[in-house]
Structures are given as C-alpha cells and as structure tokens.
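A.B. asks: According to TrEMBL, the domain 'Ig-like' annotation covers 212-304. What TrEMBL records for 325-421 is domain 'Fibronectin type-III'. Under the heading transmembrane segment, TrEMBL lists 427-449. Here TrEMBL flags 471-526 as region 'Disordered'. As annotated by TrEMBL, compositional bias 'Basic and acidic residues' applies to 493-514.
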Amino acid sequence: MSALLRQIPANIPQDMRKIRIENSHLTELPRGSFENVSALEYLWLNFNNITVMHIKSLEYLPALKELRLQGNKLRSVPWTAFQDTPALKILDLKHNRLDVLPEHALRYLPNLTYLDLSSNQLTVISRDVFYNWPVYQRSQRVEGQIEAISNAVLALHDNPWICDCRLRGFVQFIKSVGPPIILMNSYLTCLSPKLRAGKFFHEVELNSCMKPLTSALDTNLTVPVGLNITLTCFVQASPSPAVWWTYTLKLLRAFNVSTEAISEETVRSELLIPAARPADAGNYTCTAANFLGNSSVSISLQVGAPWASTISPDHLPIAPAEPGAHVEVRIAKQTVYGITLEWFAAAAVAAEPGETWYTLLVGRYDAAQKDAIYIGPGVNTYSVTDLLPATKYEVCVAVRNQAPRKGQCVVFVTGSDVSQLEQREKLIHIIVIVCAMVLAVPAGMYACTAEARPGCLARCPGACPRRRREGQAQAAGSKESTLDSLPAGSEDGLCRPEGGRGGRQPPARDEPGKARPPHRNSADLY
C-alpha cells in the first residue's frame, strides 16, 4: 500500500494466492507479469496509474477468480486477454476511462458473477455486447434451467450516455433485463441530447437511425443589391447531423451560420448574407452528415438592381449617393504589408454618427471584385493587413448601402520588402547624427581656444613666434584656410610676448598701411 513500485516485483513466491498493490505508481501490466505465480486467485491493483494492459498480461493465471482494477487510467481493455483466466468471477473496472465496449467484449467471461463498468466514459454501446455474453445466452436457452444458473451483477451507472438512435437497442435491453442478470442500479440516466438530458432509460422512446435528408423551401432566390438575405435549409436525420455551408467549394465562416433543432429529428440551418452584392451571387450548398451518410441541397442566389418600390425598414436596399453622403478618406500610416485608413464623413452623415455604418472595399487595383468589410457606427479608422508586397491596391470607403463616389477611394502601392524600409530608417539616423556633429564642432573649437589652460605655453615657448609668422605668411598668400591652419589659428590666441607674466595683453591696434589678416569664420576652420 502506497509503495513507490513502478513495476510488478519479479521475486513473488510461487505459492502466493493473493496479491494487493494499491496507491502505487504502476503504469502498465506487461506481458507475463505473473507468469511465476500460477496459483494466484486474487489480484487487486486498485488506484494506480495503469494505462496499458498487454494482451498477454494475465498469461499463466488459470486459477484467477478476482481481478480488481478500480481507479486506474485504462481507456481500453484487451478483452481477449481473459482467455487465460477461465475461472474469473469478479471483474471490477469502475472509475477508469473506458469509452468503448466491443461487440464480443464479454465472450471470454463465461463464469462471471460480478462486472462493474460504472463511472467510465461509455456513451454508446450495442445490445449485442450482452447478447454475446455466455451468461445471458445460458439464461435464454431453457426456462427450467434458469434456477441452476448463478446470478450475475452488472453495474453500468454514472456513464455519460447519449440517448439517440444509436443507443436504442441497449435501452431496450436494460428495460427487459432480468434474472439471472441483475443491475446494481437500474436507473441509468441520459446525459445528452438536451431534450433527453436527465431522463431515465425507462422514460425515453428512441427511434431507428436515419440518413440525413436535406431540403429547402426555395432553391432559387433573387434579391436587390444591399438587402440582407438569409438562406435556410432543413435536415431530417437521426442522430443529429453536422451541418455546414459551402460557396463555390469554399467553406463559409461559422459566425454567419446558425443551426438549431426544431424537433427531435429535424434541424434548421440558416446562412446570413449581409448587404448582398453582385459578387455574392452563385450557388450555396447546405450539407448534412452523420455516421450513416450525407446529403446536400443547393440554393441559387441572384443579386439584381436596387428595388425602387417601398420595402420593410429592416431590409433597406442600396440607395443612390446623396450630395451630403461624401466621405473623405486618407492614409494615416503605411507599412510593407498594410495600411491604416482614416475617414471623415460630411456634415449630413456626421449628424448621426451613432447610426451610420460604413462599407470598406479592399482589393487589388485591377481586380474586378473587392472584399467588403462592414464598419460599425462610431468607428472612423481601420487597419488593413496581410497585403502582398510591391502590389498596387485600391481601398474605398462609403456609407453603408451606398456606392463609393469619386474621391472616396485611395490607390497605393505596398513596399517591396522590409529591408528597404530598414535601410531608409538607418540612412535617416546617419544623416541626423552627422548634422549634429557638424553643428557641434564649431562650438567645441571656440570653447577650446577660449578656455585653454596657460600651462600649454610652457611646453611650446618657441613655437608661438614661428607659428605666428607662418600664419601671417599663409594669410598674406591666400585667403582660403584649410584644416591645417587650425593649430596656428588656435595657438595664436594662446601665445604671449616673451617675458610677459602679467595679465592678458590688450589687443594691438591696427596700424595704418599694414595689411590686415583676413577674417576667419567658423566655416574656415574646416
């Protein structure tokens, strides 16, 4: 009990008659798990983590009478493994995850007196599972021999039974079963479908299964442009079928489709097409399928010109563009794979922003048909993504139920790839940095020349007169300065007359007749 065993021990004594390993960590029963314990009669392996049971895991156990595997994680059982345990009388499989019982599951359990399959995941099983059980077959042979047959207790409660036509035979078996087969709990309950959820087996009457049969009230429809249209098909089937709509072999989006059961065997499916356009014309197919087969019906839709007559307010046709219904459109942001649009309605439209819908038409510039996107009231911006690079597109914005007018469309071309935009951004950054450096150098030079320490004069006392003379000669010979003149210009202001230790000398006055050196601005420093 509660041991850290991960496999069946190999050193079990051969004369062992009862083994009980519970709340441990066993995960499987491999082949020949108990081949050295042929005298074993009772095997309890409850509340482990057993998920796999080998078809020969019970080999060499002819005397086994009781097998308990409660509270494990078995999804299936190799029922033919019980050929090696002909004396088995008690089989406990409750609180596992079994979801299927094969038709011949109980064939190799002829002497069983207790079978517990409760609290599993069984939903649908055939009555033939029990009709093929030797215990049941013996009870049906001769009435005079029934008393000599031992009773067999059967537990099937607490399973999620689906009470449709597939369970019809099993429900009939449960209603008619009697000794020697005794149900531990005869009140088996339906979990689904909804109309039978919570009902007991003896309260329901199930019909035979039926292949889907689809139909439509009208298979040819013609509607004006801009009208909301609903296509409807009816399906008769049992069990309930899966229903879907297709348009030119393309599966339509589920949020435009609603399916509901209107009776036990009839389902209604509706497809909504908002603001029909000429591009919506074509054949729409409603298909239904269950395990018996499938069936479909096609509805042909034609979209014509707008109606001129008066119709119900709930289905307004497309209206001609009014002078006040103009919408101004502009691109707020553009990327390689999309754009962000902004639009501003004219005064007549903007007067009721809470009631105005917009239609956004997006597509390639040369495309005959464009995708329509319907924008709700109060929204004046939308981002279009997943566009192809280096492609010319056209986007139009119009008031709902109106055709776009001139000036309400924008034509643009997406970028070729991301690398071009990245290179452009890098180039802009480089230009900004270079401009900042160019503007910062003159200010730095002025600060250097104005605030330099006098200590530099001690290191170059003889350089100042010579540099001054060279500078004057260069100034006389040429009016253009280069970067080589920078040291001369800078040191000229730092040098002092020899022997001068006092304060800064006043600037010399211009002497008449003497050539004045040309003025150097900040640009000459370069």
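In case you wondered, yes, glycine gets a Cβ from its N, Cα and C as well.
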A.B. asks: Please work out the helix, strand and coil residue numbers for the domain 'Fibronectin type-III' (325-421) from the DSSP assignment.
C.D. replies: 12 helix, 44 strand, 41 coil
A.B. asks: Per DSSP, what is the residue count of the domain 'Ig-like' (212-304) in each of helix, strand and coil?
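C.D. replies: Across the domain 'Ig-like' (212-304), the residues distribute as 6 helix, 61 strand, 26 coil.
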A.B. asks: Pop the mean pLDDT for the domain 'Fibronectin type-III' (325-421) in here, whole number is fine.
C.D. replies: 75
